[in-house]
Ligand code: A2P
Ligand code: 11C
């Protein structure tokens, strides 16, 4: 038996990837309904060779009969519509930040805290992409050696800021190549072509951005560890797909780089690419389109004792968003929660 699935934000970067991932993983879909803004009404998207028309999301619509709704249309749409879908009987898996820290809403990375889906009351939140890939790589180490603190610097691709930011990098780069005037930034706070921007999302009172605070608060919630410390600097780089992270961890117990490598080699959803002598390490350009989290440059940290440093890379639209959400949907089926 299959499910009636809805995608809200179907025309966006993550929305289109939901369609691909559902198809690739052969998720049991009986019927698929696609929603976006009024701008996209009537547009057609393809699922398993079938053309499906996009509907404009509006409050008059009844969502009865939908079993699972995958949302990626931004926080305000999620705040307005997720409760309505849930009330009409769907389980909402929401990719926005709207519900992540709500104590009634589980925040789930299937490789890390799968059992938390059982606590859902109609809405399950998908964590921020930077948090997901960091925790997929760190949880196996956390389980063996304990982690007291994490210092992370990110190198985040423009696709994290949506389809408009992808176009912005393209247009600015083309203009630069033609020696034309570079268009003013709209989707990102500063020019991104041939630049790095040490700001993702807005600043909060403590001088960290919201993206940086998400990495702390979401990590604590997912690991059920209110004491773990996370200090993040999140940076936008001129890359289309794939977020990279330089991560230093303070361990509770000694763990050698080789032991960490062995643990990660057998961890679910992780691929170790770590041969410095051959110049082999993960790079965004190689992981785009893949679902695993790639780890390399594993070495003893020179500040934290005991500690490790490493480099973690994943496709932010796939494992960082669409794939993680579809894996949550798979957990719902596995645990007979839908
Ligand atoms: P649309 O394409 O019609 O604007 P991205 O993050 O890649 O920019 O995608 C955002 C997604 O959210 C798109 O599918 C977009 O639809 C959708 N969206 C934005 N605002 C709304 C809204 N008010 N109601 C429904 N969908 C929305
Ligand atoms: C980025 N991580 O790369 C952000 C986008 O909370 O889901 C994801 C925002 C979020 O720009």
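In case you wondered, yes, glycine gets a Cβ from its N, Cα and C as well.
Note that this is a predicted model, so its numbers are computed, not measured.
Just one of 275, 316 is listed by TrEMBL for the same NADP(+) site as 11, 12, 13, 14, 39, 40, 159, 160, 183, and that one is 316. Between the C-alpha atoms of residue 236 (substrate binding site) and residue 39 (NADP(+) binding site), the distance comes to 28 Å.
Between the C-alpha atoms of residue 156 (substrate binding site) and residue 11 (NADP(+) binding site), the distance comes to 22 Å.
Within 10 Å of the C-beta of residue 13 (NADP(+) binding site) we count 22 further C-beta atoms, all protein chains included. Only 11, 13, 39, of the binding-site residues 11, 13, 39, 156, 183, 236, place a Cβ under 6 Å from an atom of ligand 1. The 6 Å Cβ screen around ligand 2 retains 156 from the binding-site residues 100, 156, 159, ordered by sequence position.
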